[in-house]
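S.K.: As listed in Swiss-Prot for this protein:
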ACT_SITE  HIS42  active site, proton acceptor
BINDING   LYS65, ASN66, GLN67, ASN68, THR69  substrate binding site
DISULFID  CYS50-CYS110  disulfide bond
DISULFID  CYS64-CYS123  disulfide bond
DISULFID  CYS82-CYS138  disulfide bond
DISULFID  CYS89-CYS98  disulfide bond
CARBOHYD  TRP34  C-linked glycosylation site
MOD_RES   TYR60  3'-nitrotyrosine
Amino acid sequence: MVPKLFTSQICLLLLLGLLAVEGSLHVKPPQFTWAQWFETQHINMTSQQCTNAMQVINNYQRRCKNQNTFLLTTFANVVNVCGNPNMTCPSNKTRKNCHQSGSQVPLIHCNLTTPSPQNISNCRYAQTPANMFYIVACDNRDQRRDPPQYPVVPVHLDRII
């Protein structure tokens, strides 16, 4: 009885730990709105090389992000996708605020190859260019902090297909 209870408690702790890690992956820095954080992570590729471009994101999160996709398009173009028909979000079936792009866009997918937990500036990434459709989640803008020209804005890159 005791070993089963102990094993169950360990499994529960591991599960809670995994949920905490997963939840922390979707935390935005407090100085950003969700739309601003989307633009920083997925539109503003500050360098042609993933290793350099990811340093910006990693510095905000204080960790090496495992992967990231940069859409080589404008924020305004992604905002326009928010006007496409609503669909269920593939990554979260309870969310109905996703929209699929009507055409493929060039993108660069960055994948962490060399983690460096002690010094995030040493994280290294491989990059894969592609042309793909994408699905974004969109929400109403933050009325106090987002520009008024876009009432609905992208807040999450849900999937590339």
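Cβ atoms here come from the backbone N, Cα and C positions, even for glycine.
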S.K.: Taking the Cα of CYS123 (disulfide bond) as the centre, which of the recorded positions listed as TRP34, LYS65, ASN68, CYS89 lie within 10 Å of it?
M.R.: LYS65
S.K.: Based on Cα coordinates, which of the following recorded positions are within 10 Å of CYS50 (disulfide bond): HIS42, LYS65, ASN68?
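M.R.: The recorded positions close to CYS50 (disulfide bond) (Cα within 10 Å), listed in sequence order, are ASN68.
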S.K.: With an 8 Å cut-off on Cβ distance to the LYS65, ASN66, GLN67, ASN68, THR69 Cβ center, who else from the chain surrounds the substrate site?
M.R.: MET54, HIS109, CYS110, ASN111, LEU112
S.K.: How would DSSP class CYS82 (disulfide bond) in three states?
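M.R.: Going by the DSSP assignment, CYS82 (disulfide bond) belongs to neither helix nor strand, so it counts as coil.
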S.K.: Given the disulfide-bonded residues CYS98, CYS110, CYS138, which one's Cα is the least distant from that of ASN68 (substrate binding site)?
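M.R.: Given the candidates CYS98, CYS110, CYS138, the nearest one is CYS110.
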S.K.: Looking at the recorded positions listed here (TRP34, HIS42, CYS82, CYS110, CYS138), whose Cα lies nearest to that of GLN67 (substrate binding site)?
M.R.: CYS110
S.K.: Hey, how far is HIS42 (active site, proton acceptor) from TYR60 (3'-nitrotyrosine), Cα to Cα, in Å?
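M.R.: Rounded to the nearest whole number, the Cα-Cα distance is 14 Å.
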S.K.: Are there any residues at least 6 positions away along the chain from ASN66 (substrate binding site) with a Cβ closer than 8 Å to its Cβ? List them or say none.
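M.R.: For ASN66 (substrate binding site), the qualifying residues are ASN111, LEU112.
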S.K.: Tell me the Cβ neighbour count for LYS65 (substrate binding site), meaning other Cβ atoms within 10 Å of its Cβ, over all protein chains shown.
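M.R.: Other Cβ atoms found within 10 Å: 17.
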